[in-house]
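Below is one structure, written out as structure tokens; the observations come after it.
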Amino acid sequence: MSGDGATEQAAEYVPEKVKKAEKKLEENPYDLDAWSILIREAQNQPIDKARKTYERLVAQFPSSGRFWKLYIEAEIKAKNYDKVEKLFQRCLMKVLHIDLWKCYLSYVRETKGKLPSYKEKMAQAYDFALDKIGMEIMSYQIWVDYINFLKGVEAVGSYAENQRITAVRRVYQRGCVNPMINIEQLWRDYNKYEEGINIHLAKKMIEDRSRDYMNARRVAKEYETVMKGLDRNAPSVPPQNTPQEAQQVDMWKKYIQWEKSNPLRTEDQTLITKRVMFAYEQCLLVLGHHPDIWYEAAQYLEQSSKLLAEKGDMNNAKLFSDEAANIYERAISTLLKKNMLLYFAYADYEESRMKYEKVHSIYNRLLAIEDIDPTLVYIQYMKFARRAEGIKSGRMIFKKAREDTRTRHHVYVTAALMEYYCSKDKSVAFKIFELGLKKYGDIPEYVLAYIDYLSHLNEDNNTRVLFERVLTSGSLPPEKSGEIWARFLAFESNIGDLASILKVEKRRFTAFKEEYEGKETALLVDRYKFMDLYPCSASELKALGYKDVSRAKLAAIIPDPVVAPSIVPVLKDEVDRKPEYPKPDTQQMIPFQPRHLAPPGLHPVPGGVFPVPPAAVVLMKLLPPPICFQGPFVQVDELMEIFRRCKIPNTVEEAVRIITGGAPELAVEGNGPVESNAVLTKAVKRPNEDSDEDEEKGAVVPPVHDIYRARQQKRIR
């Protein structure tokens, strides 16, 4: 029993690093470092135990070919071929990753070799792969493998032999006009193949394809350049807004734009569209969480569909039109299930195709997601229903929105304005606003929308009554009423007399007495300001403690802004705002003006030199200024090396003998004494003297203790 318990404990043991990784993934499911730890752990476990981790991995990163390949290879290693084929069915069509497709071909080649129909299945697999991934810049090996496979197929009889030659030639000719790395080698192999079949026909066959090959080779060079630097194995994660990510996004868009520019210079719009969409598919493997890529891909398909329809190619036009809808469907079904932007674009696209039932299903599908705010969805849904089916259909959607407890006040505003502008019925709009006021009377944004509507109708009495109702009913908290009071004052300033203006100002001051105590002048600004014109300068407004509640509301980028009283002024100049982080004093910066050919010992850029030690400063003051010295400049390193090697005499007598030539005792480390006469003679020689001629005529033999030669010999050793 104890042994069984120990076995269970061992089976349940989880390494500490795995626990930490799991904790990180709870906080951020896209933490790649944590996933790397789990992947390494799974690779060291039996597949039955690791399968759960792999399933989580591909569920989190469904577009990552690298992760799918890891999962499939683990199943292949365990010989679970039935599971392998199911995995390929799940990912192969959706993930156009070159390594994943090579893994698929390798799997078919290794596991189907003993079947009677192996040759047919393998040929179908290669054709399928080239159709899907043949435009890949790294697809050369697949083309070569297919050709070698066809060459190796046994052909009995002349008919079968001709069939094989035709099949090989067809693949060669397709590959030689497809831009990719190593296209030159494929072309050379094709030339040899044709010459091996019939040298007389080969020349014409090659000439017929030569122009297209040269064009493809040129494009392949550009293709390789534009793809350089792209991280194509990166898993797709939500936008991180990092410089590295921005750089990758920019590079991907340049690649797509390059494909759109038609580098092959072909007139086949279908081929252009297929190449551009292949670029989009490659991009979406890495940037699948970026809605703009999905939208641009669908837009491009829609444009291509219209272009083909104009040319009369209705079949491909319909194909691309349906594929555009499929792009939207894939986006909202996989990585961007809650992205309203793509749902709305998808709905508009189907509306343009007059498929109204499909549009209804799209909106209802989004509304069925429980953990979203459906307000904007209902608003767009109402607008669609009114456009496509009339005002009555829009009212039905509004009724449905009122019954949904998740909706907010914006739905009432939209419905009221829709009634006013579309049915021209002010009374219906007024009733909707009144109905909403009962429910959202404590939300200043809704009250302001109602006020704007009444102001638009120029109904002064009703507007004034609304102001009084809202401000005196007690439904609106005082801390939220700041903008309502400001709008009331602006309203009276536009249409009321001075007495009514002063009355509103007094009531407003009473409502915010604690805030504006001692700052009565700040309230005076609101009486005279108009739009962005103020009766004081920005610094004066700041000194008054003035705050503009309308600007404060616009500046607050939050879903439900709350305008709370504050003694801190909101209106500030950019100059008055202090940075939130320390900044250098740019006035003290030295312009970057590097010296041209700076002499040794000086910095190429002025400034940045360390202060001179005090003792050296005293010495420098005693020396003549630098302008007095015109050269020659001493090589300091060599001079210091000579000083280091010199042996200084210990006594005065020894020094005198060396100077007077009494004894040649000037020595260098390990080199013995030096001939002093030669040194002195060389030292006193006149500069104008023709030393080269004298040395050639007389001093043929070098000195016995030549320092220079001794040093050179020492270096050689």
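Any Cβ shown, glycine's included, is placed from N, Cα and C.
When Swiss-Prot is compared with the stretches 574-595, 684-705, the one noted as region 'Disordered' is 684-705. Using DSSP to sort the residues of the repeat 'HAT 7' (319-352) gives these counts of helix, strand and coil: 28 helix, 0 strand, 6 coil. Nonlocal intrachain contacts for the repeat 'HAT 8' (354-387), taken as residues 6+ away from its ends with a CB within less than 8 angstroms of a stretch CB, comprise 332, 337-338, 340, 343-344, 346-347, 393-394, 396-398, 400-401, 404, 406-408, 410-411, 414-415, 418, 422. Residues 29-30, 35, 38-39, 83-84, 87-88, 91, 94-100, 103, 107, 233, 235-236, 284-286, 288, 334-335 of the same chain lie 6 or more positions beyond the ends of the repeat 'HAT 1' (45-77) yet place their CB under 8 Å from a CB of it. Within the same chain, residues 62-63, 94, 236, 273, 277, 288-289, 291, 294-295, 297-299, 301-302, 304-305, 308, 358-359, 362-363, 365-366, 369, 372, 376-377, 380, 384, 387-388 sit at least 6 positions outside the repeat 'HAT 7' (319-352) and bring their C-beta atoms closer than 8 Å to a C-beta of that stretch. Across 79-110, 117-152, 163-196, 271-303, the stretch most heavily in contact with the repeat 'HAT 5' (221-261), judged by Cβ pairs under 8 Å, is 271-303. Between the repeat 'HAT 3' (117-152) and the repeat 'HAT 6' (271-303), the number of CB pairs under 8 angstroms, six or more residues apart, is three or more, so the stretches are in contact. Tertiary neighbourhood of the repeat 'HAT 6' (271-303): same-chain residues 63-65, 95-97, 135-136, 230-232, 234-239, 248-249, 252, 255-256, 259-260, 262, 264, 320-321, 323-325, 327-328, 330-331, 334-336, 339, 341-342, 345, 349, selected by CB-CB distance under 8 Å and a gap of 6+ residues from either end.
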